[in-house]
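Over in TrEMBL, the protein carries these features:
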ACT_SITE  288  active site, proton acceptor
BINDING   331, 337  Fe cation binding site
BINDING   346, 367  homogentisate binding site
DOMAIN    6-275  domain 'Homogentisate 1,2-dioxygenase N-terminal'
DOMAIN    276-428  domain 'Homogentisate 1,2-dioxygenase C-terminal'
């Protein structure tokens, strides 16, 4: 199925697509004709305020078999491990690390397998962030999910996701990501135990970072982002619609599939990206550049240059710096850093940091290479070296001070994480100058 899917290339483009089974479904020269072709309904999905500046305005027109308003009333259901209560446990400024999160022992789909690890802010005020893990072992079938609180950036770690959305279908495998924006309905089908990470932003939408003096090309190039072409199913069956709203889950039922959009046009649509296509910028003389050079996507705040959330990766690359300690430096940051590992071994901590787990270094919490990494890199022969081969680590970085949830505070926590720095030695010694008084 994945090889049969078709996509349109580009980031933030004005796309237009219609299912080939219904040629002429897209109206010509207008958005809302008195009667749409094939008896379709016109529906606009707005991702920004009507009066947002044109370069920030996001919306899509959908031409569908039935309007999405046809459903029974929503009823509150258990939110499981999804929460935006950041005050359930006392704050913890320590370095935190989690072992790989377990696959489910009983049957659960994507919507049932989301568990919140940490976050900050409030979806009601539309400012904030949440980091989730998801685990699932069955397809959603006749069920879909949509998020009224924010956008999902989904990072599969184990097992591919076959995703149906209102705009079309995507297959997202490990080492790929996808973004599904606020309000877009989607359903996740899988074929095996599946696990991954979610970065949720309440504030705005993700965009490409500015390149500044890098120039016109580099990092994540717009042409490598893929948006699905229109596809529909006309199914009359009881369908469950799950909605995340104000940090809680609700569900409603309807008598048809929500994936009945025959044609659409606009710039508000889900997309996927293959991380192997990232064009890496790195140091070629000396010193270690800041990890911001590895930013794939950013959700900016109102303060220039400061992000509500950045998605950063650490891909395979050449390390060639002279007279330089090449691994990441020791650091205290005014940003929160959540790290995850898709596969391989992260260079600064080859032991203990495992795929499917994670770590959190809160604002101003010290962190950096462990003892083994420091000793090895401090004494290594400096010659060109390909690093991070067979590895893809990533970071969700935020200017907000993220708090850990009650569940994450007691689940898969590596209580010995701090031990990796304890063997670090004192190397300082004053010069032995003859005649110096003791």
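Cβ coordinates are placed from backbone N, Cα and C, and glycine is handled just like the others.
Taking a C-beta cut-off of under 8 Å and a sequence gap of six or more, residue 288 (active site, proton acceptor) has these contacts in its own chain: 321, 324, 325, 326, 327, 328, 329. Between the candidate binding-site residues, 331, 337, the densest Cβ environment within 10 Å is the one around 337. Here the binding-site residues are 346, 367; the one with the fewest Cβ atoms within 10 Å of its Cβ is 367. Predicted-model confidence for the domain 'Homogentisate 1,2-dioxygenase N-terminal' (6-275) is 97, expressed as mean pLDDT. The two recorded residues residue 331 (Fe cation binding site) and residue 367 (homogentisate binding site) have their Cα atoms spaced 6 Å from each other.
Calculated from their C-alpha atoms, the gap between residue 337 (Fe cation binding site) and residue 346 (homogentisate binding site) amounts to 15 Å.
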